Amino acid sequence: MFSKEVTESKVFQWFNDRLEVQAISDDIASKYVPPHVNIFYCLGGLTLTCFLIQFATGFAMTFYYKPTVTEAFASVQYIMNEVNFGWLIRSIHRWSASMMVLMMILHVFRVYLTGGFKKPRELTWVVGVMLAVTTVTFGVTGYSLPWDQVGYWAVKIVSGVPAAIPVVGDQLVTLMRGSESVGQATLTRFYSLHTFVLPWAIAVLLLLHFLMIRKQGISGPL
């Protein structure tokens with residue numbers, strides 16, 4: 001994986017003696033790739049790429065976004081109109097969000113149509129479904145953060161859906177909203193989910209997903 005000039009350098013040897021870099025790189029480079037693999041098997045990697053773009057652009061916007069019902073919309077306008085390249089960062093965030101959902105859906109269809117969910121990869125499929133649910137939750141929570149008319153009513157509708165569940169429906173609505181009505185507590189909860197809870201959740205699920213794929217390899221042709 002490394003050139004001869006690199007492996008013979010003293011710096012490389014220093015790191016290799018302590019971290020076994022060569023062994024790790026050989027293990028990565030020597031992983032068998034079945035001959036039937038085509039471009040459609042890259043959809044999972046494209047979904048991950050979109051997530052990394054989301055993470056970077058979202059992190060950049062947290063320096064300017066204000067998660068309050070009185071300042072959220074104005075802070076988004078400030079990002080779009082005043083911050084250097086803010087319009088580009090937010091636009092990339094929105095575009096990559098849509099692309100991430102699309103790539104995720106196509107990836108799920110590819111795995112299903114090629115039988116990648118069958119034994120012994122059932123748990124990989126289950127974790128993948130959990131990743132899909134987390135991705136959709138990212139979209140729902142992020143949609144509300146500008147706190148414009150679209151975001152407000154989207155939150156009101158989504159948070160009101162659990163009310164149809166018998167016995168615990170009203171309690172779930174209150175839990176999601178933070179109070180009986182949509183307001184500051186709701187925005188705070190959605191912001192916390194979007195910027196802290198969900199990123200950690202998806203990071204753990206991605207790690208499990210990749211470890212399983214690494215262990216079991218790519219499924220064979222139908």
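Backbone N, Cα and C define each Cβ position, glycine as well.
Not measured: the values here are computed from a predicted model.
In the record from Swiss-Prot, residues HIS107, ARG110, HIS209, SER219 bind heme b 1; the candidate from TYR41, TYR64 listed for the same site is TYR41. Taking the Cβ of ARG110 (heme b 1 binding site) as reference, residues of its chain lying under 8 Å away and at least six apart in sequence are, in sequence order, PHE40, TYR41, LEU43, GLY116. Apart from ARG90, HIS93, ARG94, HIS194, the heme b 2 site neighbourhood in this chain, defined by C-beta within 8 angstroms of the site C-beta centre, holds GLN54, THR57, GLY58, MET61, ALA97, GLY142, LEU145. With a threshold of 8 Å between CB atoms, the same-chain residues lying at least 6 positions outside the transmembrane segment (123-143) that come near it are 47, 54, 97, 100-101, 104, 107-108, 111, 116-117, 150-151, 154, 158, 190-191, 193-194, 198, 201-202, 205-206, 208-209, 212-213, 216.
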